[in-house]
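Here the structure comes first, spelled out in structure tokens, and everything after it is commentary.
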Amino acid sequence: MAADPSFVVGIIGNVISILVFASPIKTFRRIVRNKSTEDFRWLPYVTTLLSTSLWTFYGLLKPGGLLVVTVNGAGAALEAAYVTLYLIYAPRETKAKMVKLVLAVNVGFLAAVVLVTLTALHGGGRLLAVGVLCVALTIGMYAAPMGAMRTVVKTRSVEYMPFSLSFFLFLNGGVWSVYSVLVKDYFIGVPNAIGFVLGTAQLVLYMAYRKATPAPAHKEEDDDGGEDEEAAVDEEEGLAHLMGQQVEMAQRRAVRLHKGLSLPKHAGAPLSSPRDGLAGSIIKSLSATPVELHSVMHQHGHGRFEPVGKGDGDVEANNKK
């Protein structure tokens, strides 16, 4: 008796998908060895854990969905291990944010989906609701490497787009697309067909740039340097303008002070009073004549200064000249 083609294709798809899910093992060996998450991103593991968990639930709802359950159940177990290791070695601030998201998405949201599906929906409505969610998450997973594709085009280097990952995504999308046609499951077919197209584009891009000369890195540095130099010039011009405004304001204050010195004083009006104190006398002395200023100093200096005569004032004025 010949084997069911869909079962054979599903087994191949299981093997390839598990290889894709196992690809971060090398990364987490490094994290455990160094006891640090360094600059590795944690969000993809959280979202992939949600995706595999929902696909496992979808496989349980779908008649004949055993292969969907096995591959995504294995993927969910691996992703849960990755998330746990990341939480162990992540910095305190990152750990706090990650715990909140894991509880909200992988626990709260997943539990809400399961609860609503089993209690409020029936028959085909259950597969429809869960299938739409699975499609959206899987498309997002396949679209994630598009950032790496932009980097390849910009730098003319495939350093940041490993061939093995692109190749396995290409195979994974192709095999599950064939499986979806055989079992007539479009929820599996749509996202994996998109993944197959994106994987093909990545391989074409890899072949086009694998021997290309990388773009010179100093060009960007020169651009940054030019921007820094321009910013420095703008800052110097702004500082000069501000200093000019301050000088102009100081000159205006000097003019007003000069006018104040030339205003006539009421005869007999005391320059200061005991209620003003020393501070009040100093403030009033700013508009006082030299003789009045000397009087204030004599008043607060307990007679240590002699009155300045008119002749002495003239001598002092000539010395200043």
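Quick reminder: no glycine exception, Cβ is built from N, Cα and C everywhere.
In TrEMBL, annotation is done automatically, which means it is predicted and not curated.
Record features, source TrEMBL:
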COMPBIAS  303-321  compositional bias 'Basic and acidic residues'
REGION    300-321  region 'Disordered'
TRANSMEM  6-22  transmembrane segment
TRANSMEM  42-61  transmembrane segment
TRANSMEM  67-89  transmembrane segment
TRANSMEM  101-121  transmembrane segment
TRANSMEM  127-148  transmembrane segment
TRANSMEM  160-182  transmembrane segment
TRANSMEM  188-209  transmembrane segment
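Fewer than three CB pairs closer than 8 A are found between the transmembrane segment (160-182) and the transmembrane segment (101-121), and contact between the two stretches is not assigned (pairs 6 or more residues apart). Here the transmembrane segment (6-22) has Cβ contacts under 8 Å with residues 48, 52, 67, 70-72, 74-75, 78-79, 165, 168-169, 171-172, 175-176, 178-179, 182-183 of the same chain, all six or more residues outside its ends.
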